[in-house]
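**Student:** So that we are looking at the same thing, I have put the structure below in structure tokens.
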Amino acid sequence: KLHSDLDKGVGTVKYTLSGDGAGTVFTIDETTGDIHAIRSLDREEKPFYTLRAQAVDVDTKKPLEPESEFIIKVQDINDNEPKFLDGPYVASVPEMSPVGAYVLQVKATDADDPTYGNSARVVYSILQGQPYFSIDPKTGVIRTALPNMDREVKEQYQVLIQAKDMGGQLGGLAGTTTVNITLTDVNDNPPRFPKSIFHLKVPETSHVGSAIGRIRAVDPDFGKNAEIEYNIVPGDGGNLFDITTDEYTQEGVIKLKKPLDFETKKAYTFKVEASNLHLDHRFHSVGPFKDTATVKINVLDMDEPPVFSKPTYTMEVYEDTPVGTIIGAVTAQDLDAGSSSVRYFMDWKNDVDSYFTIDATEGTIATNELLDRESTAQYNFSIIASKVSNPLLTSKVNVIINVLDVNEFPPEISVPYETSVCENAKPGQVIQTITAADKDLSPAGQRFSFKLSSEASNKPNFTVHDYRNNTAGIETRRSGYSRRQQELYFLPVVIEDSSYPVQSSTNTLTIRVCRCDSDGTIQSCNVEAIFLPVGLSTGALIAILLCIVILLVIVVLYVALRRQKKKDTLMTSKEDIRDNVIHYDDEGGGEEDTQAFDIGALRNPKVIEDNKIRRDIKPDTLRFTRHRPPAEDNTDIRDFINQRLQENDVDPSAPPYDSLATYAYEGNGSVAESLSSIDSLTTEADQDYDYLSDWGPRFKILADMFGEESYNPDKVT
């Protein structure tokens, strides 16, 4: 209630209200100044309101007093229950934990005013989950309530937690949440074999390293606490086997470490121990975390291939061993109870295997060809053995044959030497050091000896000095050598080896005489250097050779031009420069030569039909008059020939010589008939060539050649 001292109660004062919630949450009676709440209030929504009030004169509307501010506080009541904002919860605790082991702390929040009454004082309790867990009523910490809780018995627990305000008193509001608690595993259980003896059957043909069986120990623990390591306890047969752990199934995989043989031993017995890898020292008092079982393995008899007595065979043979010589043998046996016979044969892979043969029954190896160590020093091939009773069962062994060296090659100079001696050399001067090489496989300590051949030892030019370390020096025996007298010296050197039998060879050294200075440095060994003292320098010799080459080139050009002139075309006519006769050097075989070409292509088909007489030879007795077809039948051909004659007479670009075109078929009714003498059926004496003069100036040469002596050229038009 608001009241002004100026208010006399006569209605002259008016009260106004402004600020938080004025008009919406709170209202004021303008006459009495009473303030009322017009709706419900929630402290959790707004705990207080700040308002301003003023007294105003009703008539003048002016304030009677200054504006005053006041605060309205909302008093809390217990209208909110505690809430677990983070629930539901998930927690874990190791199994076998002692009583009071910490699990989790929960927290509930109450929206009521914690400073007013007990509305916000929360107390925690367990509604579900006893007697396994407990909770602190004030802090909400959850702990274990029972000892030795075993994960293998029960792993999951669900605990229901309640939070109640008003200090847990009657009438307080409560909230709940769920806590899911899991017991985590610890290594509290040792591995155990489900049975004490495991029986396995293994074929004797099992390969080394292969898995022959599996055994398993059971561990109820989980994860790494259940990881098991298997070991074979040393004892009977344990050295033939090995065991490893399958990391996915935790099974023990037994593998074969050595080959089995039924004929040698039929059964093996050994013990296997299973133990945990990760131990927990808190549970050592429970006992040893391992278990032992017995494994019995029975070997099954199988039909096996033959077995060689050695894994590989190495033999030696001299390279000069005769063909068919036995150099060794291989042996294989059938170890099965039946003991079948064995046959041997070579595993043919290449041509090298043909150098040797093997006896199929005895297994002896002999040479099949002559061997050469220098060509092949070692042979490597395989021998296969098979059982007679079962040829499909085979085994293979590798055979190495080393070819031993025989001293068959003489030593020779290792490299070709270019030896020279100065003209001013002195006696005893070493001009070359030589070494030798032998194609044979030289044994350790083999020595080569050097000496001059018998025919050269008496000459006073050079000698050989053996240094006895497989080298020798070439020394001069006199002073002064002249290139003018002798440019080259050939020195035969005999080289012997120290093997048996002794081999020797004669090697010829070529020694060239050279011009040297006073210090022994070679200046020239060339042939032209011999002429230098005469007075001709190298430049003069080059100039002389150049002149000789130029003269030779001039002579060659002259001869070529002469030959070119002989090939020029000859002019045979002095009267008409356009008439040329082309000469050919190809001479035919005459009239009797009927094989060089087909003469039938030049024959007149009409004549062939009318007369079957050969036209390629001259008739002896027959005489025929020249046949002239009727003019009316030759009109087309005559017009064509006259047209071509007219075109060539007036054409300035026509060639200035007679052209002869030969046709296989000339047509019927030609005025001139055939121009070929081959097609003529009469002799030249009976022919009349007067008509050639009627053909114009282009046929003048032919008219002169075949016409009468009384032929008058002036009559030609």
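Any Cβ shown, glycine's included, is placed from N, Cα and C.
Predicted, not measured: the structure shown is a model, and the values here were computed from it.
The domain 'Cadherin' annotation in TrEMBL covers 4-84, 85-193, 194-308, 309-413, 413-531. Positions annotated as transmembrane segment by TrEMBL: 530-561.
Are these features on the surface or tucked inside, and what touches them?
**Tutor:** If you take every residue in the domain 'Cadherin' (4-84) and average the pLDDT, you get 83.
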**Student:** When secondary structure is assigned with DSSP, how many helix, strand and coil residues does the domain 'Cadherin' (4-84) contain?
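**Tutor:** Per DSSP, the residues of the domain 'Cadherin' (4-84) fall into 0 helix, 32 strand, 49 coil.
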**Student:** Please list, for the domain 'Cadherin' (309-413), how many residues fall into helix, strand and coil according to DSSP.
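**Tutor:** Counting residues by DSSP class gives 5 helix, 48 strand, 52 coil.
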